[in-house]
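Take a look at the structure set out below.
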């Protein structure tokens, strides 16, 4: 029986590229972009993507009528948050003083690096845009076959700061170390975009399809 994966369509997010990457990573999976609570409830696994500003993402999720189904899914099945989808899992964001879903304790903060010098003499830019290393701070099933310190693709101005350090499973340096992947029980989320991260991103997606938390 095929594993069914619901990519939540609430009007914000890089949905098609996430769907294409999941299908490429695991052709046997049944991947669908969904916009109804029933479809989220029926799926075996859920992906919460997000792009743009967190206030807009939270507003659109609330207006879509899908928020309760996402929260319900977070309690009962594997859920993967991507980019702003990771940030939305937390309590609060400094971006627009925005309340998140409160599924993980912690906050979302902005990089305060604009114009500061890097070691190579260039200046930090916000947003961080491009490839950067992810150090695996804890073992996890989604890291299986993914080399430690592998490069993933980032586009973001904000980052999560979990209240519980045990929820950090990946860390990246941009000015200073920040949490770039989190996990707890059946939740896993990344600040980077696996769908834009070549083979290591596909491997992480494949691991998600087969993950049994």
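Cβ atoms here come from the backbone N, Cα and C positions, even for glycine.
Keep in mind that this is a model prediction, so the values were computed, not measured.
Listed in TrEMBL for this protein:
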DOMAIN    7-208  domain 'Glutamine amidotransferase'
ACT_SITE  83  active site, nucleophile
ACT_SITE  193  active site
ACT_SITE  195  active site
Restricted to the domain 'Glutamine amidotransferase' (7-208), the mean pLDDT of the model is 96
Using a 10 Å radius on the Cβ of residue 195 (active site), the other Cβ atoms enclosed count 26
Residue 193 (active site), Cβ-centred 10 Å count of other Cβ atoms over all protein chains shown, is 21
Quick note, residue 193 (active site) and residue 83 (active site, nucleophile): C-alpha atoms separated, nearest Å, by 6
